[in-house]
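Student: TrEMBL feature annotations, pasted as is:
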type: TRANSMEM; residues: 6-27; note: transmembrane segment
type: TRANSMEM; residues: 34-56; note: transmembrane segment
type: TRANSMEM; residues: 68-86; note: transmembrane segment
type: TRANSMEM; residues: 93-111; note: transmembrane segment
type: TRANSMEM; residues: 117-136; note: transmembrane segment
type: TRANSMEM; residues: 178-196; note: transmembrane segment
């Protein structure tokens, strides 16, 4: 189930990437946004393969390919949010450094067995995005979706922590980690719906 539950990441990742790059169905007007969202959907798509590969035979060598795509998604979504809420130029300029920071954090963990840089890369967006959603004026409508996404990711982390307990509670039919995958995949789903529905606010 931990392998099969990654398949939805492939579906929404490919759909989002096609909508993002083909015909600009999602209405992305800034080049930085296009590249940022494209990297996000690439990360989501790659997560389907990397996570499935790891769960087929879990070990540290394979775990690299599970964590690396997720850091791409985390880093790119942070850059996109900076573009939207702070400044287009700064956000666009931050995309490559944030992606490199994510990649380096995974490599550092692999060779030093120190998970702290990876944890920072993963959790900083989880704190910064909800905080900026509440405190900074939005450029687009439907910005409440950002808070829904934060709540879904928090739910996924709770399910991961309760992995074995959920497995027992469900009479060994589904684990907390599988439920984590199913909750986490709703993040790109909600993001895609937000992009399809939103418009530029008249007043900012």
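Cβ coordinates come from backbone N, Cα and C, glycine included.
All TrEMBL annotations are machine predictions without curation.
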Student: Taking the transmembrane segment (93-111) as the reference, which of 6-27, 34-56, 68-86, 117-136 gives the largest number of Cβ pairs under 8 angstroms?
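Tutor: The stretch with the most close Cβ contacts to the transmembrane segment (93-111) is 68-86.
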Student: Can you name the far-off residues of the same chain, 6+ from the ends of the transmembrane segment (68-86), with a Cβ under 8 Å from a Cβ of it?
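Tutor: Same-chain residues near the transmembrane segment (68-86) but 6 or more away: 30, 32-33, 36-37, 39-40, 42-47, 49-51, 92, 94-95, 98-99, 101-103, 105-106, 118, 121-122, 124-125, 128-129, 132-133, 136-140, 146, 188, 191.
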